[in-house]
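Structure first, then comments.
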Amino acid sequence: MGSCSLQLPLINLADKTLEPGSSKWAEVRSDVRKALEDFGCFEASYDKVSLELQESIMKTMEELFALPVETKQRNVCPKPYVGYLNHNNLSESLGISNANILENVNEFTQQLWPDGDGNENISKTIQLFAEKLVEIDVMVRRMVMESFGIEKYIDDHLKSTEYRMRLMKYIAPPEGDANTTVDDYADLLAKLNIDGVEPNVGVKVNADISDDVNANPSVNAGVGANVNADTGVNDNLNVDAEANGDANIAVGGGVNANTDLGVGVNVNSNVAVNAKTGATSGDDVEANDDNEEKKLGLPCHTDKNLFTVLFQHEIEGLEVKTKDEKWIRVKPSPNTFIVIAGDSLCALMNGRIRAPYHRVRVTEKKRTRYTAAIFTCPKPDYVIEAPKELVDEKHPRLFRPFDYRDLFTFYHSEAGRKIQYTLQAYCAVSEA
């Protein structure tokens, strides 16, 4: 169960004296490094995202998700899994590439309103919000590289990345139980008479962090059926879900999910199955683990990208696992955002930064949950390699250089789906 007493480090990134080269910058830079070394993430206070803009992005998401399904389905992109996703009407999401650039957001709104000029107000709100999240990402990446003495690589590093924004909606859990279980969702779907879903069988629950889940819009859930999704949560069975493909439900199988352009979710096979979830983490989950796994909206995983900046607004759900195996329940606060390091950053920093396991539990009833996130991803063909300055006798090279896309080819291979630690299995230096 997530602890309310444990909290992530809170770091103020909006101090007026926070300028590169200043004493305040050095102080905050040290705090950021320590937080990422110890937790792999932190809560960033950033009041440059005004409350007015926060409310505007919330209203924008409400307006967008209120559109007819056929309208939202116009959100398509040549790159796979960047557009609209609908997971059994339990959750849905919209995706935009490099949303910090207004032209890209205009293309997105023109997809939804092709007969006009898009929607200027919505475009501007999304672009302004994405721009602020990108500011946080760039500041944190500068601080990280400076703190390790590799600031000479900053400009090239920033040019080697791109952003994926995803707007997400989750329906409120059924009334009567704030601690909603997977079975509750199955029962709800049965009552709604959604095609392909029967009570007390596999149910798809959408992800949140790095949770652009690559899934086909429909899920045929049922014992012996195929699941056209990535992250499946199955009653008493595990799901071996292959990225963007049909996966057979199988006892003891693993879940391997891909997210928007490689922001990955990896939930391994060969681990203990928690009663009535079938969704297990890379760590063994005992059936009596406080029954917490029953309440997951996203099983325990690490991100595969560089950084994620998440806006939870008022409804909590994110939980982060500490080094000593305790869970921190992250409670949203005004003007705060969660910054999470991914496996790619861990490799780039030669293991000096940890990529934390985290999960999402959907527990608050009666309120629809909206979240927005920016995912920082390496551009195609970018090779991730720790700089020589981070390799010495005390810190031997931990990972071989690798192409980001090649990592995901392995990640979704038959062998990759059976492995607990994808990054280590794919590119760890054997002598390390």
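Just so you know, glycine gets a Cβ as well, placed from its N, Cα and C.
According to Swiss-Prot, the domain 'Fe2OG dioxygenase' annotation covers 281-378.
Here Swiss-Prot flags H301, D303, H358 as Fe cation binding site, drawing on sequence analysis. The secondary structure of D303 (Fe cation binding site), as reduced to three states from DSSP, is coil rather than helix or strand.
Feature annotation from Swiss-Prot assigns 2-oxoglutarate binding site to R369. The local packing around R369 (2-oxoglutarate binding site), expressed as other Cβ atoms within 10 Å of its Cβ over all shown chains, amounts to 22.
On the 0 to 100 pLDDT scale, the domain 'Fe2OG dioxygenase' (281-378) averages 80 in this prediction. Cα spacing between D303 (Fe cation binding site) and R369 (2-oxoglutarate binding site): 21 Å, rounded to the nearest whole number. On a Cα basis, R369 (2-oxoglutarate binding site) lies 21 Å away from H301 (Fe cation binding site).
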